[in-house]
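Copied over from Swiss-Prot, here are the features:
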type     : residues                                                              : note
ACT_SITE : LYS144                                                                : active site, proton acceptor
BINDING  : GLY11, PRO12, THR13, GLY14, ALA15, ILE16, GLY17, ARG36, LYS44, ARG148 : NADP(+) binding site
Amino acid sequence: MASQNRILVLGPTGAIGRHVVWASIKAGNPTYALIRKTPGDINKPSLVAAANPESKEELLQSFKAAGVILLEGDMNDHEALVKAIKQVDTVICTFGRLLILDQVKIIKAIKEAGNVKRFFPSEFGLDVDRHDAVDPVRPVFDEKASIRRVVEAEGVPYTYLCCHAFTGYFLRNLAQFDATEPPRDKVIILGDGNVKGAYVTEADVGTYTIRAANDPRTLNKAVHIRLPHNYLTSNEVVSLWEKKIGKTLEKSYISEEKVLKDINVSTFPHNYLLALYHSQQIKGDAVYEIDPAKDAEAYDLYPDVKYTTADEYLDQFV
């Protein structure tokens, strides 16, 4: 039962981690959050801010009030990490791209603790074993894939959560740079706009993650979040928006050659985001067939989940 599955979230105050924590609490799981003893690097470059107004301190107070058990520790304190892990059944890591390789320390602690029934390494993007991405995102995907291989080699029970495109990255501005909401006059579309992409809200990522964590069917499998109403081409997304505002946008289609050139001359975060857009909107890295022996579709597993559709998500910007 969900109430018996104790869940530890690593990276609990991040853009995705906080949603995993709230989903765990909502599902009735005893929920633990590992809080660093020392502050993180406030000067590290940020890709996208969490879509929540709370400061870290406010969020932690909200967690405590909701019954989350806060544990102190970090990746460089092996004893504290093992102690935290021994208290739970499932470990969910939501680290950002700069900390992917630090997960080898988590795996080492999980092996020593000897009690973990499931580990979710920090994935929360496309399937890193199925992609055609370019730099600067390719090295991050390669690091995530290398962590998969360590997990498998060490015999750690796992679930890989492949959620593809967060609405906060791709949908809130129709993938337009330096915009915080969808355009009302002109829109830039990468490629021909006819490649399917998969969109999901960060809150729904939390929901599906916890459903998978409580589900024996997802053991040692990759769970893919490609929701029927959110599996859309760029042209379909733009059309949804045009219908809402009652206006046809002026469209500029950018060739792959131009996109690759722009990636090479841009700096962070533009080059990184543009490479993500290229991966989904041009290369079609959300378009593939799954292998039922090692994969599962989240929608097929949990058709009862009322997820936010792309159409509903865009309503807030009208």
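Every residue, even glycine, has its Cβ placed from backbone N, Cα and C.
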Are there any residues at least 6 positions away along the chain from GLY17 (NADP(+) binding site) with a Cβ closer than 8 Å to its Cβ? List them or say none.
VAL9, LEU10, GLY11, THR94
Can you tell me the CA-to-CA distance separating LYS144 (active site, proton acceptor) and THR13 (NADP(+) binding site), as a whole number of Å?
21
DSSP-derived structure type at GLY17 (NADP(+) binding site), helix or strand or else coil:
helix
